[in-house]
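Here the structure is laid out as structure tokens; the discussion comes afterwards.
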């Protein structure tokens, strides 16, 4: 037991526990299962395709979870942590029934929001240091993973051969300002009348009037989040196409020179 504790504290102090361009998620599912799923998808993603249930892409609802502490069945976000240490602590708490689980190392991207930065003093669990991924995390965005056996993190980082650095190398999580409109506080929540959210309140939220179509605060937040996600997905698709076109151009140039 002393050896396990010693190893644990060495890992806590090591550089692999903090990396500004990487995030971490503890998950019971092995890499091959994550790959078959297309990545780390939100629970609401499966509900949407299986039952047609609309995903709830409300950050405040996501951060609160359910009254029992579990993930919402219609959740449109995937939780990650800022550090390996935070992910490990989360794993030891929520995955304590598993002798083996994994901590996935994930590249940052603009569909991710620092929950504490966006929700401020109204963040329900600030100690979790959570960064939430709107719409999920593709398998190509997963840099690699650590195995955790009986609470001890394997020192070896298993690299994901399908990670695409060129798609994500220059991407960061979204600035807090981008997330204020998507915070998802209830319509009459006092945050909408306070800094900084008062300047970003969607129509129908706080003192803002409803939209011309009569959308409620929650509906407008859902619409704005959907638009934000689609813009991000389009950006990544353009990057993928651009890289593919560059490779084709290089191939054609080499072929012409031969």
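Backbone N, Cα and C define each Cβ position, glycine as well.
Pulled from Swiss-Prot:
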- 1-18: signal peptide (SIGNAL)
- 25-39: NAD(+) binding site (BINDING)
- 128: active site (ACT_SITE)
- 205-217: disulfide bond (DISULFID)
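Structure with Swiss-Prot features highlighted.
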residue: 27; record: NAD(+) binding site; Cβ within 10 Å: 21
residue: 29; record: NAD(+) binding site; Cβ within 10 Å: 14
residue: 31; record: NAD(+) binding site; Cβ within 10 Å: 18
residue: 33; record: NAD(+) binding site; Cβ within 10 Å: 11
residue: 35; record: NAD(+) binding site; Cβ within 10 Å: 14
residue: 37; record: NAD(+) binding site; Cβ within 10 Å: 14
residue: 39; record: NAD(+) binding site; Cβ within 10 Å: 19
residue: 128; record: active site; Cβ within 10 Å: 19
residue: 205; record: disulfide bond; Cβ within 10 Å: 27
residue: 217; record: disulfide bond; Cβ within 10 Å: 23
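Contacts of residue 25 (NAD(+) binding site) defined by a Cβ separation under 8 A and a same-chain sequence distance of 6+ are given as 40, 78, 79, 80, 81, 87, 103, 104, 106, 137, in order along the sequence. According to DSSP, residue 39 (NAD(+) binding site) sits within a strand segment.
Distance from the CA of the residue listed as 'active site' to the CA of residue 27 (NAD(+) binding site) is 15 Å.
Using Cα positions, the member of the recorded positions 29, 33, 35, 37, 217 nearest to the residue listed as 'active site' is identified as 29. In the three-state DSSP scheme, the residue listed as 'active site' falls into the helix class.
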